[in-house]
């Protein structure tokens with residue numbers, strides 16, 4: 001089948017199979033004109049992307065990616081779709097560092113900001129990390145240090161083909177939700193935040209068609225994170241099973257707090273918050289929201305029996321200095337090596 005055939009099917013409201021979606025993604029990256037790319041993305045958006053199409057496109061993106069295979073298992077990622085209603089501190093990034101400090105092997109996938117003031121690459125770059133590290137260096141870092149950062153444009157060069165059409169369309173497309181599903185290290189334990197509560201069960205079901213063993217897909221009342229200000233909708237994925245539930249701050253041993261209490265700012269301001277949290281200098285809601293999300297990552301890594309226990313282990317990682325040591329290894333390697341001597 002040609003790309004035109006896929007466009008016609010989607011335009012006529014016909015859902016694409018997993019393998020057809022995978023092949024369509026391959027054609028978008030290799031042979032499509034900008035008009036064809038825009039036509040298929042628009043047709044899928046108008047029809048409504050199914051979990052099977054999402055999983056198939058994710059497979060296609062993985063096929064085109066520069067991948068790594070760190071000798072650590074399970075591999076954890078904390079990556080959200082972005083595009084939520086709030087500009088907060090960098091929650092998933094800070095949570096990844098704390099989870100690694102607690103013993104999880106973290107393959108953090110991220111990018112520069114698109115919709116917010118500060119994306120994961122923005123804040124880590126300001127903090128001193130080499131966010132443009134090549135795949136072999138990231139693989140070695142994960143094996144050696146238990147954490148590495150994979151910048152999306154470095155690991156997904158094929159995405160250049162769709163940048164122009166996506167900008168011209170000016171609307172959300174299937175690519176807005178694929179980032180967390182296309183970890184180049186093949187992370188098999190994930191905490192995925194989504195901007196729309198309706199996507200929680202959809203991505204949960206999509207993950208059962210991908211090589212992910214355990215995951216939490218979360219939406220925190222307007223946030224693509226586990227929230228403190230209100231309930232969080234969760235789809236928990238274990239193998240082929242998806243269970244849905246809600247949780248609150250109190251259900252995982254934390255105090256509720258207004259969303260304004262975790263507001264972020266510029267990359268420089270968010271980097272200061274990140275440093276303050278991992279060193280234990282920052283307390284209150286900003287620390288607590290990191291504990292919530294790091295606790296979830298520790299849980300999916302199999303290091304805790306439930307999220308509340310994961311929260312306790314995240315707090316211990318901060319209080320013992322393990323999170324700080326991980327931060328220094330990732331973001332301030334000269335400082336870390338000096339302290340070790």
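Using N, Cα and C of the backbone, Cβ positions are placed for all residues, glycine too.
For 80, 111, the entry in Swiss-Prot reads anthranilate 1 binding site. Shown in sequence order, 119, 120, 121, 151, 152, 153, 179 are the residues of the chain, 6+ apart in sequence, with a C-beta less than 8 angstroms from the C-beta of residue 111 (anthranilate 1 binding site). Classification of residue 111 (anthranilate 1 binding site) by DSSP places it in coil, neither helical nor stranded.
Annotation note: residue 92 (5-phospho-alpha-D-ribose 1-diphosphate binding site) sits in a helical segment as assigned by DSSP. Taking Cβ-Cβ distances under 8 Å and a sequence separation of 6 or more, the neighbours of residue 92 (5-phospho-alpha-D-ribose 1-diphosphate binding site) in its chain are 78, 79, 80, 110, 120, 191, 193, 225, 293. Annotation comment: Swiss-Prot describes 80, 83-84, 88, 90-93, 108-116, 120 as 5-phospho-alpha-D-ribose 1-diphosphate binding site, evidence class sequence analysis.
Swiss-Prot lists 92, 225 with the feature Mg(2+) 1 binding site, giving sequence analysis as the kind of evidence. Look at residue 225 (Mg(2+) 1 binding site): DSSP puts it in coil.
Its Cβ taken as reference, residue 166 (anthranilate 2 binding site) is surrounded by 18 other Cβ atoms within 10 Å in the chains shown. Residues annotated as anthranilate 2 binding site in Swiss-Prot, with sequence analysis given as evidence: 166.
What Swiss-Prot records for 224, 225 is Mg(2+) 2 binding site, and it gives sequence analysis as the kind of evidence.
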Euclidean distance between Cα atoms of residue 224 (Mg(2+) 2 binding site) and residue 109 (5-phospho-alpha-D-ribose 1-diphosphate binding site), Å:
15
Round to a whole number and give the Cα-to-Cα distance in Å for the pair residue 112 (5-phospho-alpha-D-ribose 1-diphosphate binding site) and residue 166 (anthranilate 2 binding site).
16
Measuring Cα to Cα, tell me the gap between residue 88 (5-phospho-alpha-D-ribose 1-diphosphate binding site) and residue 166 (anthranilate 2 binding site) in whole angstrom.
25
Since the record lists 88, 109, 112 as binding-site residues, which of them has the fewest other Cβ atoms within 10 Å of its Cβ?
112
Helix, strand or coil: which one is residue 166 (anthranilate 2 binding site) in, per DSSP?
helix
